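Listed in TrEMBL for this protein:
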type	residues	note
REGION	1-22	region 'Disordered'
DOMAIN	22-438	domain 'Kinesin motor'
BINDING	G108, I109, T110, S111, S112, G113, K114, T115	ATP binding site
REGION	177-203	region 'Disordered'
COMPBIAS	189-203	compositional bias 'Basic and acidic residues'
COILED	516-639	coiled coil
REGION	655-746	region 'Disordered'
COMPBIAS	701-713	compositional bias 'Polar residues'
REGION	834-856	region 'Disordered'
Amino acid sequence: MPPQRGKTPKKNKNGSGSQTEPVEVYCRIRPLDNPDDPVCLKAVNTNTCILTPQENAIARNGQVKELQYQFQYVFDEYTSQKAVYDYVAMPLMEDLIKGKNGLLFTYGITSSGKTYTMTGTPDDQGLMPRCLDVLFNSISGLQAKKYVFKPDRMNGFEIQTDADAMMERQRREILPGLTTPKTPGRGRNHGEFGEHGRMSDPTRVEDIDEGNIYAVFVSYIEIYNNYVYDLLEELPHDPITGYKPPQSKILRTDSNDNMYVMNCVEVEIKSPQEAFEVLYKGQKRRKVAHTALNAESSRSHSIFNIRLVQAPLDANTDMIAQVQDQEKNICVSQLSLVDLAGSERTNRTKNTGERMKEAGNINQSLMVLRNCLELLRENQKTGLGKLVPYRDSKLTHLFKNYFDGDGKVRMVVCVNPKAIEYDETIHVMKFAEMTQEVLVTKSQQVKFEILEAPMIKKPPVIEDYIPMMTYSLGPTFPSLEVLHCRDEYTLDQLSDFLDERNRLKENLMIDFNRKQDQFRAQLVKIEKEYNEMKSRSHESQSVLEKRESYIQKLESRLRSLEKRQDETSRQFKECERERRELESKLQDKNMKIRQEKTEKDRLRSDFRNRLEHNNQQWEKNLQKERNKIENELEGQINEKQHKLNMLRHIVNTETDSDTPTARFRTPAPKARTYTTPGKIMSARSETDMSSVGKNPVPTPRSRTQTATVTSARSMHGLNKVGTPKNTPQYNPRHRRSRSSNAEIWLDHRPPGSVELVFRGHDCTVLQPKLKKKKSVSKLEVKDTKEATKYILTHQDIDSAGELETKLIKGNMLPTAGGGTAVVFNDVETLKQISPGSRKRRSSCPQPTDYDGDWTDVEDRCGIAIEGHSRKRSRGTEKVSRV
Ligand code: ADP
Ligand code: MG
């Protein structure tokens, strides 16, 4: 079967939507060689350190203040190697096993502890040996057989069958051992990391996919003067000078755009010990230049690459799963551990010649690294796609993928806190600060396409029962180079060697036979175990059957119970539904009740408000009415009181005026003018009989024809002006009223009417002279029997507040039914006017005197007027009524 080929899966390269993370920078401060030395840097907490300028530094750089730097973590001088590993490298190891790439480098000036941090000492190992320990601890038992994965020299791997792998093993390991004399000490001298005294790290990554098989490959390169050297390559031997100078390697890009060192030796290792052998071999070759600063100071960048190849196992065949595209079946992840050269400036090295060139180049590649990171950060900030000069140095070119593509990048900044290192340290810190702003793409966890079959635990294989068969091949084949024809020594050596080999073969045969017997015994044992298991399985079978029947019974019971449960749950649901319905009805009713109650409350309050309002209104009206009535009554009382006073006064005056002098002296309390309709004054009022029948009280149309008494008097009495002294006080002659025709008058004066009588004269103005009359205050039927005429005295206060007396006259006619009807035909009006407060109704001149005969009305008016005009001089008039 041809070997299957596999390539490193293509990594995500700045793909859209990929997550980024910053370069994580850690700071490690090494302890001082001399504890009394002044320091310029100290850790203040686990993230912060402070750089303090020294006196000379201030003077030179103008720096005066303390500088504070923050990092992912600051390890002080007391931090152990293990702690540094746990914080810095352990996550990278976990990533490596999950198929993610990582880059870890130490940066700092010479003698700042970079190599110590990266490699450490056998007693106190650094990051690199710990990584190897942890890796093998984690994948132990899951390693592929050697040479199953085979580098394809193009940065990829191919998968070989087990047979091919075995062949290769023989070819590369057993045969060379048979043909090449063993290098003295090879395989036993592990250098400073020899097995003796080495403290291995017991940590392991827990979360490991046990469905995969793993293989570890390491390579070790050095970049020196911007040349790449393979530290694991066998140096060509120069018979004269010994080793020839190594050939530099070139960098290539693989099919997935990953950078790699072409033709670089990659060694598959199966244990940490093998790894240390390789490391030691490389270290031996590492060019170490001794400088005045540090006897072991390296002028080169060393890069130790660990590549982990993994592929999923087919659970059934226990072989690597077969898929169409084998590339997708292999995952290669890489962790690069880089110990950079010292970052100090050239002039500090005090080197000359070749050394100076080295230092210059070292700084040159670090400078390029710095430029690249700065540009990368700028591009990420501004979004500009400036070209990052990765190709300017081999170092940056090789790690281009970490910054451009994906993978975690971590840097440990090593610092020697000695005060005299301040100037260099400040550059280191600035670079470190800038670096942690650079973003790199986060790696995605690798997922294999297959793994359809569920992973089952591997059954015990026959090898587990067979004791390990290890064969020593004995001494190496002697050199058969015959120096001359009598070279017995070589032949003897060969013969001894062959004898030895024969002995060894016999021993091996014995051993083989013994192991064969053991194997047979094991087989018998296995068969026995198998039979036992079989019988046990029969027993188990019957037990199982019993259990099965029991289970069936239980199941049938369970089914019936389930049925009942279903029924119950159905009923329960029904009840629940009814309950819900009732609840909803109840809620509706409650709501209605609440609404009605609210409505009732509202109506009640409305009604109460209205009632209150009405009550108030009524009370207000009543109060108003009462006030009005009270006022009216009060007015009437006052009026009456006033009239009473006047009457009293008049009576008193009358009593006092038995003599004319006395009578005339008493002035009338108030002059009055009486008006009467002219018609009545002149003759008899023509009764408008047409209207009488319709209206018991004739409309006072005659008022339009009224003339004041004053004017009447002036008309009749102008000729009497000038004789006031002879004018009688009143005219005693009274023209007979029309009502004096021997008719029987029914004089109806309602109670409370004011008497129209002059005291002592028994007459008054417009006082009707009724010969036969019967005066009543309340009309009775019997009174109407005899009477033929009817006169009603009606008194009222006019709008001006004056007393107005109306005499309403009518004929009394017997009716067919035996009753009496009154037909009104005349109205006489008597009005009293106060001259002081009243406007005169006539423009006629006021008569001053009267001398002559007056008619009834005229006389009375005249008396009144006289009274009025003379009241002050004589004071004799009396008004019959007030
Ligand atoms: P660099 O590689 O940076 O030039 P080294 O790692 O060689 O420096 O360290 C210089 C010296 O300092 C070595 O002797 C080393 O043992 C010692 N050293 C450095 N860091 C520490 C540390 N954290 N603890 C103890 N010794 C240290
Ligand atoms: Mg070093």
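Heads up, the Cβ atoms here are built off N, Cα and C, so glycines get one too.
Projection of TrEMBL feature records onto the structure.
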| residue | record | Cβ contacts under 8 Å, 6 or more apart |
| --- | --- | --- |
| G108 | ATP binding site | K114, L340, G342, S343, V413, C414, V415, N416, V428 |
| I109 | ATP binding site | G342, S343, E344, N416, E421, E424, T425, V428 |
| S112 | ATP binding site | R30, G342, C414, V415, N416, E421, V428 |
| G113 | ATP binding site | R28, R30, C414, V415, N416 |
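Only K114, T115, of the binding-site residues T110, G113, K114, T115, place a Cβ under 6 Å from an atom of ligand 2.
With all protein chains in the displayed structure included, the most crowded Cβ environment within 10 Å among the binding-site residues T110, S111, T115 is that of T110. Cβ neighbour count for K114 (ATP binding site): 29 (other Cβ atoms within 10 Å of its Cβ, all protein chains included). With a cut-off of under 6 Å between the Cβ and any atom of ligand 1, the binding-site residues I109, T110, S111, S112, G113, K114 reduce to T110, S111, S112, G113, K114. Mapped onto three states, the DSSP output places I109 (ATP binding site) in coil. Mapped onto three states, the DSSP output places K114 (ATP binding site) in helix.
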